[in-house]
Structure formats: structure tokens, C-alpha cells
Amino acid sequence: MPEGLSLLGHGIAHFLTWEALFNLAWASLLGIVIGALPGLTATMGVALLVTLTYKMPPDQAILCLMALYVGAIYGGSRSAILLAIPGTPASAATTLDGYPLARAGKAGMAMGIATTSSALGTLVGIFFLALIAPWLAEFALRFGSYEFFWLALFGVLISGRLTAIEDPLKGYIAGILGLLAAMIGMEGLHAFQRFTFGVSALGGGIDLIPAMVGAFGFAEILAVMKRRFTAELVTSDDRVLPRLADITRYWRTTIRSGIVGTIAGIIPGVGEDIGAWASYAAARRASKERDQFGKGSIEGLVAAETGNSAVIPGAMIPTLTLALPGSAAAAVLIAAMFIHGIRPGPLLMTENPAFLYQIVGILLLTTIAITVFGLSLTKLLVRVLLVPREKLMPVVYVLCVVGSFAITQRMFDVYVMIAFGLIGFVLREMRYPMAPLVLGIVLGELLDVNLRRGLLLSDGDVTPFFTRPISAVLFAIIAMTILMSLPMVSRRVTDLFKRLDSQRPAG
Amino acid sequence: MTDLSADPQTERRMNRIDLITGGVFAVLGLAIVYLSWTMPRLEMRGIHPATVPGLVPGLLGLALAFCGVVLGLKAYREGRGAGGWSDLLALFRTEEAGRFCAVAGLALVYALVLVGRLPFWLASAAFVFAFIVVFETWLSPEPRSLLRSTFLALVQGVIVGVVVTLVFQYGFLVRLP
């Protein structure tokens, strides 16, 4: 523990330089602006910023990316409250109570509460990140090929299951498509080129950054411009700085939402939107004022904003210790870490233990930055919301093109961006979630290589995949996830629980 | 989060779309299975037969085909009733479809035709200019005056083109296309 605290101190002190504080300030402010603008999401912002920071030293680049990520997830609350349009999908639950509060002349109060809740949510998440990540990394050192195969499969499946609640089948299909995209190019065991069809540029496989810029940038531009835009900006001149009593009054909701958000973050590929919805639902169930939810409940706003912000540190837990992205933006962060020579995974704590605590330090400093900006720059952020999207979107698209091109300086990556943009748009219109697709691309190689390496080690025998203790547990969870997504199984299990519940008072 | 609104027309449409895409995924999955089956098994290099390169893509192809069939069957079972196909075709005649075609068209012409043929700053300026004018005048519910829109779009286009080019060319040392 003392060693951990000392590393944490170093992690924070590492970024107390003028250069780092400057980077922190612009990146978190840019993040807030990106988040506040409907149509620009955190994932798109982080993916585009990778291309702008790849020449920076690794620690400064990761600082900028993390600060932008945290800022964007918080920034989404501004448009959710003032326009009733979530700036990013993470703020959809914020709209439910934030906008009614603004309409009731309490826009300032809602923005203030959203700011402090986001900050507190991040702090709860940071606490669990610092607590769980070192332990999980040590535990993951016991993982071999068999376990990593199941882990990769679990990541894609659970992401597919939880991001497509309505129809898990579409989540699974999105995941399989992502895994198949990862099969293109040279495979990692025998250096054989698969599915290249004679195109030499495909030999290196599909790079994640252009694919993400397409799926979250170009696809988003298409989706935003397709619709007509009608929104009414509601502001008021009431006090933004919240009173201490307003913050402490809902401390139970804050802690509960922080924990729910962190758990949503830890689950691979389940992002801030699910974290916000889950903590909102949990708060409503436990609240004494549940009839006020959706009509301007401060508790509802606290739950949604704490929940989505706690996801970020939560998502960093599997991202850093298992190289399993906790959210879509975390997938981009993994790609960025590889670009900068940092290898996330179980060996991170052995090879580079300071890095984990640097991430904790970055998150702590960014929390301070978003609180200061959020409570002080209200007028500026309202002006940002008024930027017409007809003027903004072409600029974003130019950045998508140049950003995809910049890293390896070849037009092929621009074509990848366009292809993923069009495919991503069509899939989203057909209600396929994007997160499992992204997870599939990231985890495809891990799944492929570890399945075949496992089979090689066991001389073609599949039993170790089911008999090693950790493998068996992972397999059981996967089987349960798939079974529970079959309507007839989930109906029967729910019926069984209901029956047991109704018998409880009698027994 | 997926859209939970369920008006009957949208649901019918989605149903027909699922029926088609289910079929497409099934065929795609089987095609991948075939390609994986016929992929070289590197016997000459003496690799273990359980580690052939086509193993995982083949399994994924099977999984995709299976999911496609289930998706199609589910849509077929739920989707009986009149009007489904005409609802689907009507989708291509909506205003939203027109706006989509305009954005996609402009974006593709810029990235696939203009970039590489014109200097990058000029291509970008032309794209930004055209995008703003199209969406502020032609496709806007409250069209702006053409002259004003054209002038402001031209100014913004040139500024964006020049600034992006300068920043990437001299700031990040990227040799732009």
C-alpha cells in the first residue's frame, strides 16, 4: 500500500509541469466543446486527436487523449440540459431531468449539479481504478492462451449483449463482423495473408484509427446531416455554483451511481451511455421521490451524470490490465498506446507500473479542470451550442480525411475511413450497435492467435479450454450470456425468480 | 442507446430490412466459410493441422451465417402482413434519403476525386464551400439568401483549407495528398 501511494504521488507530480498543465487545459476544454456539440462524440474526438498527438512524447499524448475523453463525456451534459439533445450518447439520461429543470428556470443549477456530479463520479471511479487495477493485473498474470481466447470472446459477446438490449442478435452480429474485419491481413501465427484478394495495402490489416474515425466520425456526420435540426435553447440566469447542501444531499445516490458506472466501465465494450442508464434506473428504484424522475428531479440528474463519468476510470481497469477495452473510446486509447510504445495488458504493472498511476493522476487533474471550466465558462459554452451544424460538419469531415491520412500517410486509410463510415451508418440505421464491432476489430487477433496457440499447446485437444479453472468459469459465463439472450430461456428464468419471490413471505 | 420508439410503420420497415440483411449475412457467412475452407493449409511448412489460418475465419463465417439465418427467420415469422415492402421502398423517397445522398455525394467526391487531383487546400476549400451552400440554401427549411451564404461559405472554405493544410504540412510534417 505505501508503495502504491508513493507511485500515486509520483503519478500526479509527473504532470505538475507548465507543459502538462497547458496540455491538460486545452485538451479538457476542447473535450467539453466537442461533447457539448451534438453530433461530435467522445470517441470521434479521441480518434481524431490521436492523429494530432502522435508526434508528442507518450505521456503528454495520453494526457491530452484522456483529458479530451473526460471533458467530452462531461460536455455532453450541456446540450442535454439546454437543448434537450444529448451532446454525446452518454448524456441521453441527463436529458430526462436536465431539460425540465432548464425549462423551470433552473438551467444554471442543473449545469452546476451536472458539473459536480461528473467530478464526483470520476472520483468514485478513480478510487476503484487505483484499488482494483493492480490486483487484476497481478491476477491476469495467471492467464494463458486458453484464458485469453475466452476473454476476447467474452468481451465481444457481453458488449453485443448489453449494447443491444432490444435484440442481442444484432449485437452479436456486429461483434462477429468486427472480428471478421480483424481477420483481414497477415495473421500472427504463421504470417499468412488472409482475405487480401491481391490488394497489397490489405496485407497489414485494417488500422483501428481510420476505422474508428469512419465509424464514429463520418457515420455520425451522415446521421446528423440526414435529419432536420429543430432545437430550442433554454437558458436562465440563476446561480451556477451549487450549494454544498445540494451536493451532499444525494450522497447515497452519488456513491451508488459511481459504483454502478464503474461496473459498467469494467464490463468490456459497455460504455458511458449504458452506465448512465443503469445508474439512473437504480436511483429511480431506490428513490423516495421516484415520481419526480423525468420531470426535473435533481436526484435523477445526479445519477445520470455521476454514472456516465464513473464509467471512464472504470473502463480503464480492463483496458490497462487486460488490453480489453472497457468502452469504444478506450479502444482508441489502446490503439494510441500501441502507437506510443506502451503495451497495455497484464505485463503493464511489471514493465511500467508508474503508467497506471500516471493515468490516475491524469484523471484527478482532469476532474479539477472540468470542474473549473464547467462552473466558470457557462456563457462561452452556450455560444458553442449555437454554432450551426451546416458550418461545423464539413470542417469535421475535412479533419476526418486528413486525420485518417496523417498517421501512415497513405490514401488507403482514407478509403478505410470512408468504407467504415458508410458501413457504420447503414448498420446504425438498422439498429446495430457500434461498440461490439469496434471490440471485434481490437480483439480479433487476440482471439485468433490464442485459440490456435492453445490448440497447438494441447496438440489439437480442446479439453483444456473447458477444464482449466479460470477457463471453465469464463466459458460458463459466456454460455450463460448466450442462453439468457434466448427469449424462451430468459422468460423461464424470470418466471422462476418471480415464483421464488412470491413464495418467500410464506416460507 | 437504440431508439426504443416503435411506430408500426418503422417496425414493419425494420422487419423487412432484417429479412433482407439476414439473407445477406447468411450468404456472406457461407462465402467466408468457403474461402476459409479453400485457404492454403500450409502443409508444406509442416504446421499443426489445428492451427491452419482458415480455422478462426471459418468458425466466424459459420457463426455469421447462423445468426443471419436466425435474424431472417425471426423477421419472417414476425413480419407477415401487407404493406411491408412498399413501406420499405418509400424509405428511399423520403426527404431524409435526399439529404443523406447530398452529404454522402459531397463527401465521396471530395475524398475520392478532388483530394489528390487538386492541391489539398483547394480541394478542402471547395468541399467546405459546396457543403455549406447546399445545406444553407437548397436543403434548408429556412433558406438563406444565396449571395450571403455563398460569400460566407467562400470565406470559411478558404480559411479551413489553408489553416488545415498549414497545420498538418508544417506543424505535423505530413506530406498531404
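Glycine too: its Cβ is placed from the backbone N, Cα and C atoms.
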**Complete:** Checking A:204-225, A:270-291 against TrEMBL, the stretch recorded as transmembrane segment is A:204-225
**Prompt:** Have the transmembrane segment (A:395-427) and the transmembrane segment (A:204-225) got at least three CB pairs under 8 Å, pairs 6 or more apart in sequence?
**Reply:** yes
**Message:** So if I exclude everything within five residues of the ends of the transmembrane segment (A:171-192), which remaining residues of that chain have a CB under 8 angstroms from its CBs? That is, six or more out.
**Reply:** 156-157, 159-164, 202-206, 211, 427, 432-445, 447-449, 452-453, 456, 485
**Residues from the same chain, set at least six apart from the ends of the transmembrane segment (A:354-375), whose C-beta lies under 8 A from its own** = 4, 7-8, 10-15, 21, 24-25, 28-29, 31-32, 59, 62-63, 66-67, 70-71, 74, 111-112, 114-116, 118-119, 122-123, 125-126, 129-130, 133-134, 137, 240-241, 312-313, 316, 320, 342, 348
**Asked** Taking contact to mean three or more C-beta pairs under 8 angstroms, with sequence separation of 6 or more, is the transmembrane segment (A:62-87) in contact with the transmembrane segment (A:322-342)?
**Response** yes
